[in-house]
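Here's what TrEMBL has on this protein:
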type     : residues : note
TRANSMEM : 29-55    : transmembrane segment
DOMAIN   : 45-294   : domain 'G-protein coupled receptors family 1 profile'
TRANSMEM : 62-82    : transmembrane segment
TRANSMEM : 102-124  : transmembrane segment
TRANSMEM : 145-162  : transmembrane segment
TRANSMEM : 206-230  : transmembrane segment
TRANSMEM : 242-265  : transmembrane segment
TRANSMEM : 277-296  : transmembrane segment
Amino acid sequence: MNISESASHSESVREFILLGFPCSREIQVILFMFFSIIYLLTLMGNGAIICAVCWDQHLHTPMYILLGNFAFLETWYVNSTVPNTLINFLSESKAISFTGCFLQLYFFFSMGSTECFFLSAMSFDRYFAICHPLHYATVMTGRRCFSLVIACWVCGFLWYLVPVILISRLPFCGPNAIDHFVCDSGPLLTLSCAPAPMSKLTSYTLSSLIILLSFLFILISYALVLLVVLRLPLASSWQKAFSTCGSHLAVVLLFYGTIMVMHVSPGSSHFTSLPKIMTLFYAMVTPLINPLIYSLRNKDMKKALRKVLEKFKISLKVFGSRCRRNVG
């Protein structure tokens, strides 16, 4: 991204201050403990899904391969922001370097874009499996599923590259305080010493396009699924279709409901605390809830997670016995 060269464009700013959540030291420590628990639970939940998909042969299907990649994405999504946020809770300076800020901006938005592509791919997979079941096995082969996964990752990481480069090349002369807990494009554009209409337009356009187009694609996919499901004669078929699609639709509504308020709604910037609350929700709360939604509503995933838990218990027993032997 040539960020190191772009740093030379700023005359005085070599780092930014992430104000985060201004409060007393005691509250900062409490928030640190609270967010640390959320962070660990998120890693454990998504890590369990990844292990289940990798270890259980019955889950080596396009639906669960996409889900496994989605869980892997969620782990890195929280890692792009939460560790630095936790450090800032206990830090006095709350500073982040110029390069570190724009790297965080790039990875945070790239992960968000990749999530939009994966949610679209998952909805397409469910549409094809339910609406065209006879052709699903021949169309959604392992090679095509692999190509779809690679396309999601590549497109996601290329989507927001241009706005990040444009913003990083703007002059930053001071002040350098960002009223947020992450490096976001909006506050950075506000801190620029020069007007940047092209950077603002590019950033807003690409953010709105990926959110609205992917959300529209998902809605159309599930509308078609609903039409097919309503024609099914058996109630058991209805239940099976809704159980596989319901969890995914719940994740879609949680994720898109918050990012639309942040990046599409033009009036969201009038409330100073809203960006923090919305970002906190889709950057930390949603990745925590997603594994619960997928595991609670999916029988195959429940069985696979039980197997993962059994293997983990066996590994702990083996490790404990070896430790006792070494001590003895």
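For all residues, glycine too, the Cβ spot is worked out from N, Cα and C.
Predicted, not measured: the structure shown is a model, and the values here were computed from it.
Long-range contacts of the transmembrane segment (62-82) within the same chain: residues 35, 39, 42-43, 46-47, 49-50, 52-54, 104, 107-108, 111-112, 114-115, 118-119, 121-122, 125-126, 129, 140, 145, 148-149, 152-153, 181-182, 244, 283-284, 287, 290-291, 294, 300-301, each at least 6 residues beyond the stretch ends and with a Cβ under 8 Å from a Cβ of the stretch. Here the listed stretches are 102-124, 206-230, 277-296, and the one with the most C-beta pairs under 8 angstroms to the transmembrane segment (145-162) is 102-124.
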